[in-house]
Amino acid sequence: MNYTTQMDAAKKGIVTKEMEIVAKKENMNVKDLMELVSKGKVAIPANKNHKSLDPEGIGQGLRTKINVNLGISKDCYNIDMELEKVQKAIDMKAEAIMDLSCFGKTEEFRKRLIDMSPAIIGTVPIYDAVGFYDKELKDITSEEFLKVAEKHAENGADFLTIHVGMNRKTAATFKKNPRTMNIVSRGGSLLYAWMELNNKENPFYEGFDKLLDICEKYDVTLSLGDACRPGCIEDSTDASQIEELIALGELTKRAWERNVQVIIEGPGHMTLDEIEINMKIEKKLCHGAPFYVLGPIVTDIAPGYDHITSAIGGAIAATHGADFLCYVTPAEHLRLPNLDDMKEGIIASKIAAHAADLAKGVKGARDWDNAMAKARRDLDWERMFELSIDEEKARRYREESKAKSKDSCTMCGKMCAVRNMNRVTEGKDLNMLRDDD
C-alpha cells in the first residue's frame, strides 16, 4: 500500500476499497467522500487487522450511525451471553459495537468479537488495564497504559476511546467548579483517580505522540472521550465540559497532522434547549470532526425508560450536527442490559437516527418513508411489515388483534379513513353495515 491510513490515502488522492464501499452505501460520489475524509469531516474506522469488517463512514452528509455497547463485567461474566448480544446487534444492523468489558482477561472475548463482526468495533483500553496486568490502578505505569492500547489495536479494534482531554488543566477546572454528579465517565474517572493518586499528568495526554504512532500503524480511529460529559442536567454545558472540549479540538489537529482519523465523544445529560448549541460548539471547537453522542438524555427522572429520553435527545442532536449515536437501553442506570433491553435500545436509537436524517435531508432517507406511505395507502399489510423498523413486532401486534376485514385494523374497522377514501375515489360504495364486504 502507498498509504498508512484512510486519511493519508485521501490526502494523496487514493481511493481505497473502504471508500468505494462507503460511497456506494451512501449513494455519493467517491471523490466527494475522499475529500471529506482528507479534511477529517468523515471518518472510516477500519483497522488493518479487522478482516471481517464491512466498513461504514461517520460524519458530514452521511447517514447517522448507531453504536451498541456490550461486554463482560465482574457481576455478569458470561462470554457466551455477550456473544449472543453481538449477534443480535449484527442481525439488527447496528453499524458499530463497543466492547466495554471491564473485568478479568478480556482479550479472548475481544478477539472473538472482532473475528465475527462485520460492524465497526470500538474499545476502551483503560477498562482493561487492571485485569491485563493484575495490578491496582495506581500501580500501572504510563507506558503500561499505552501498551494496553497497542494490544487492542493489534487485536483489530477499529476505534479506541481514550480520554486524552482529561489533562491537568481540565482537572483543575473540574476542582474549581463543583458538580452534582462529579465525573460519570467510567474511563474519565479512572484516569482522574490515577492522576490524583500519582500526582502525574494523564499518561495518554503526556504520551499522545506515542498513541498516534499506534493509531497510524494499525489505521485505528481515535475516539477522543469526554471524561467531563454531564451526568445530570444540572451539570450540562459547564466549565469542565467546555475546557475539555477545547483540549479535544487541539488534540484533533495534532492527530490529523499524523493522518490519524478522529471522532469526538460528547454528552451526556442535558435539557432540550441546550442540545443545538452544544452540537454547534463541538463542530466549531473541534474543526468539524464527526461527533459521537451518548443520548443526550433529556431528563433524569426516567430510569427504565432511558431509551426514550435518549432517543428524544439523539434525534435533536443528530438534526443539528451529531453524526453517531450511542444507543441507550431501558436498563441504563439500573443493570447490565439483556437481549430484550438491547433490542429496545437499538430500535429507539435507529428511529432517532433516521428521524434526524429526514430532517437533515440525507440522500435517500425519505425513500423508506415514502414506500411505507404507499403501502399504507394501498393497505398492503405484507409490504408494511417488510418496511417496518421492527418487522417482528408489527406482525405480532396485528396477529394479536385481528380485524374482520383485511382492509382495516381493530382501531377503526370499516370507519378506516384509508379504506373509505380508496373506495370513494374508486367509485365504490362504503358498505358500512354489511359484514360480507
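Cβ coordinates are placed from backbone N, Cα and C, and glycine is handled just like the others.
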Among Glu206, Glu250, Glu265, Glu274 - the residue Swiss-Prot places in the same substrate site as Asn69, Met98, Tyr127, His163, Ser185, Arg186, Gly187, Asp226, Ala227, Cys228, Arg229, Tyr292: Glu265
Ser185 (substrate binding site) versus Cys416 ([4Fe-4S] cluster binding site) - Cα distance in angstrom: 50
For Tyr292 (substrate binding site), the one of His269, His333, Cys412 that lies nearest, given that the binding-site residues are compared by Cα: His269
From binding-site residues Asn69, Ala227, His269, the one whose Cα lies nearest Cys409 ([4Fe-4S] cluster binding site): Asn69
Candidates Asn69, Tyr127, Ala227, Cys412 (binding-site residues) - the one closest to His269 (Zn(2+) binding site) by CA: Ala227
